[in-house]
Structure formats: C-alpha cells, structure tokens
C-alpha cells in the first residue's frame, strides 16, 4: 500500500501536536500548521510545545509553520481543531486552494453549528470532492506525544481511504481498525465528552465504581439512539470499535480528561452558578451539549443522561434551554 509522501496537521493545541508527533513516527515529512508564531518557532528550534504538552520532546524532523499558503501541497491534511472553529477553518482552507487531491482526516470531535450537523454533512457542502475520513480513539494527548501504546478507529465511506490512512499511522505501539460507519464514530466522539462530565459529577458525589460502569452501558445506548436517528449503526458491532467504547471508557475514567475534570470540579463546587460563569478552560462536552439538544428535539429522542447533564450545566449559562431537559 502506498504511503503519503507528506502529512499536514492543522491545529497546534495538545491534540494536534500529539497527532503530528504520531504521524512523524511513520513519515519523514510532517508539518504542523498553527496560528501562534512563538509556538511554531519553539517547535522548530526546541522540539517542544510547552504550553500544551509540557517538556515532552517532539520528533526531530517535525516541522511547524503559520503559513497556510503551503498546506495545499500536502497529500494528507489532519484537522485537529476545536469544534467551534471547524466551519471557519474549513472555509479558510478553501481560500488557500486545497484541491480534490488533498485527503482530509477529521480528528475534531463535536458537531458543526448554525445549523447543528455532523461534520461529514457540513463537508458535503464545503468540500464535497475531497476524500475524507474520521479519526476517533482512546487517545490522551500527552500519552500519544510520549509514544505510549494506543489505538484508534479510522472511518470513511471509502474503505480504501480508511485503510490507506490506517496503514500510514499504524505501528507496533499504535494500532488501528477501519469502519465505513462515519456517523457512529462522529456521534460517539461528540457525546463521550458529555458523558465524561456526568462521570466527573458522579465521582464528586462519591457514587462509586458500580455507578460509573452502569453509566458506560447507558451511554453506549444513547450513542446508538442518536447514531441510528442520523443514519448510523448499520451494524451493532460498530459500537465495539476503539473509537466508540474505547474512547468512551477512557474519557469517563480519566481525570486527565478535561471533561471529567470539569464535571468533578462542578460537582464539588459550593456555588455552581459562579463556577460555570467563571470556568474559562475549553470543555468540548459543554460545547457539544448545547448542540445535541437541538438534535434531541428535532428527532424527538429520549436520552436521559444528556438531559441530566444539561440540567446540571445549562440552566446557569443558557436559561432558555433548561425546559428542553
């Protein structure tokens, strides 16, 4: 199978940088594209991204730049940006003349917005001709950057594209599997962050490990409910992919997850309204929650865990949505 001659990673946060490090294990021409000139220079000269990954050393041949004009020259472009920036970032790529020859791997988790949609649906409008796949897995950024064992699922409607990407990213310590169910992988990647908030709240309430295991089972059922409503879950076995059950378990069980940490800190807070108003760190589950409620309402779905998390989070910051729970 052919290898990509070069790989771009668009997004210089913790996950984007760790994915660039992962890609560089198998490819000698990997460039990280980011907005912060100082971080780009740090990666080039020191091979670190201290702001996001501490003192973890990055591969010596990893390049970094803020110049998006050259991203069109890369065969594989990995998108690893926050969900709120997805639409604007894809539109920006279009202005930099990426062509149908550029393969896209979407590692962003969440939903497109205005209106709420899967990223795959938004790409049908913005970049309909590009080969596209989705990357979801139980991957803590710092562990990926340290080259510790991990796995992921690669999903694409074109299974040959999924296989090619998997071949380019796989190694003895990073294993992949492929799927054509792009809907379930996207839904799982978005919802797992919401369930992690619930896990953190339960941890703060000292609910115990039995409750957390029960949460995992109930969460998988809700992933299946929304996935089926959006056209996914053609095979029940899709729920067993690393990008579904593996990512869910990791995110819900690790305080290294920003979402679990957020839920825990919310749970122990004595003034929850003040906590929610003053919490500045990006929490993808909090962002996704505002959007998934649109889908629950649109398709008239019963998803009690999502509703419970909304009742804990949204009334304080978005009172108009409280009645939807």
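Glycine residues also receive a Cβ, built from the backbone N, Cα and C atoms like all the rest.
Among the features that Swiss-Prot reports, active site, proton acceptor is placed at 192. For 14, 15, 35, 109, 141, 258, 282, 284, the entry in Swiss-Prot reads NADPH binding site, with the evidence type sequence analysis. According to Swiss-Prot, the feature sn-glycerol 3-phosphate binding site maps to 109, 137, 192, 247, 257, 258, 259, an assignment based on sequence analysis.
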Per DSSP, three-state class assigned to residue 35 (NADPH binding site): coil
Cβ-Cβ neighbours of residue 258 (NADPH binding site) (radius 10 Å): 21
Which of 14, 257, 259, the listed binding-site residues, has fewest other Cβ atoms within 10 Å: 14
Number of other Cβ atoms within 10 Å of the Cβ of residue 141 (NADPH binding site) across all protein chains: 20
Candidate recorded positions 192, 257, 259, pick with smallest Cα gap to residue 141 (NADPH binding site): 257
Sparsest Cβ surroundings (other CB atoms within 10 Å) among the recorded positions 35, 109, 192: 35
Span of 14, 15, 35, 109, 141, 258, 282, 284 around NADPH - largest C-alpha separation, Å: 23
Distance check against residue 284 (NADPH binding site) for the binding-site residues 137, 247, 259, keeping those with Cα within 10 Å: 259
In sequence order, the binding-site residues (14, 35, 282) whose C-alpha falls within 10 A of residue 259 (sn-glycerol 3-phosphate binding site): 282
Site extent for sn-glycerol 3-phosphate, whole Å (max Cα pair distance, 109, 137, 192, 247, 257, 258, 259): 16
10 Å Cα neighbourhood of the residue listed as 'active site, proton acceptor': matching binding-site residues from 14, 15, 247, 258: 247
